[in-house]
């Protein structure tokens, strides 16, 4: 091993494939997206250089900022849902009866495709025969909501299947962090008279704060670029009530064949995601200090 590490050629050969993958799958597409944003292009034929016109249009595009706000709301809700995931993980880590079964149940949505999940929740939200409205009718509620057809309610209704879809992912990671908390600390706290809540709040949560910070960043960035389930369930509607940045970009590029402006939207999404990640890291670092 020492001979390999001292051989610069061997190090380059080991690292080069990964560097090439990162270059071709991440950095080159980013550069090309920014470049196409400078063009007027329908996806076929000759490109026309128009400078920063697409980016100027983006800054003054009300629909883009409305879509951005919807993505931000989704990100806020995703971060808040981490509290619920943490509580569930704490309960599972307390070795309750049936914990293994519950862990397996939470993983099921992760194994399903987004299209299947979308179709399932479309049926659940169906205003006539859906499960939710049927239950509301059983309790005597006659004016049941039009969950996905009401502009004021559609976005919040979509939050539910999104949380359900990714619950298993976050719970498993938090649970894995919790079971690795040193048992000596927990036993010492119990001897000192600490109850379950105090152990969780003052020992377990602080010790897994690093994991929670990473999950916060993943939740925010993942929400900002979320697309598939929303597009299948509502297509960004009714009107533009559930339009997010990614769905707006898709419609411009592949619906209107305006690849130049679609690329500008994509580049704007990149900047927003990077800026948000930087702010979150700075806030978390400041709180730690």
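Start at 1 and count along the chain as shown; that gives each residue its number.
Placed from the backbone N, Cα and C atoms, the Cβ positions cover glycine too.
Feature annotation from TrEMBL assigns domain 'ABC transmembrane type-1' to 68-280.
Residues or ranges marked as transmembrane segment in TrEMBL: 12-38 (among others). Within the chain carrying the transmembrane segment (12-38), a Cβ under 8 angstroms from the stretch's Cβ atoms is held by residues 47, 49-52, 54-55, 259-261, 263-264, 266-267, 270, all 6 or more beyond its ends.
Residues or ranges marked as transmembrane segment in TrEMBL: 72-93 (among others).
Residues or ranges marked as transmembrane segment in TrEMBL: 105-122 (among others). Beyond its flanks by at least six residues, the transmembrane segment (105-122) meets 88, 148, 160-161, 164-169, 171-172, 228-229, 232-233 of its own chain at Cβ-Cβ distances under 8 Å.
Per TrEMBL, the feature transmembrane segment maps to 153-178 (among others). Listed as Cβ neighbours of the transmembrane segment (153-178) (distance under 8 Å, sequence separation of 6 or more from its ends, same chain) are residues 70, 73-74, 77-78, 81-82, 84-86, 88-90, 92-93, 103, 106-110, 112, 114, 117-118, 120-121, 125, 145-147, 204, 208, 211-212, 215, 219, 222, 226, 229-230, 233-234, 237-238, 241-242.
Taken from TrEMBL, the feature transmembrane segment applies to 207-227 (among others).
Under the heading transmembrane segment, TrEMBL lists 259-280 (among others). Among residues of the same chain six or more beyond the transmembrane segment (259-280), those with a C-beta under 8 A of the stretch's C-beta atoms are 30, 33-43, 47, 50, 54-55, 57-58, 64, 68, 75, 216-217, 220-221, 224-225, 245-246, 248-250, 252-253.
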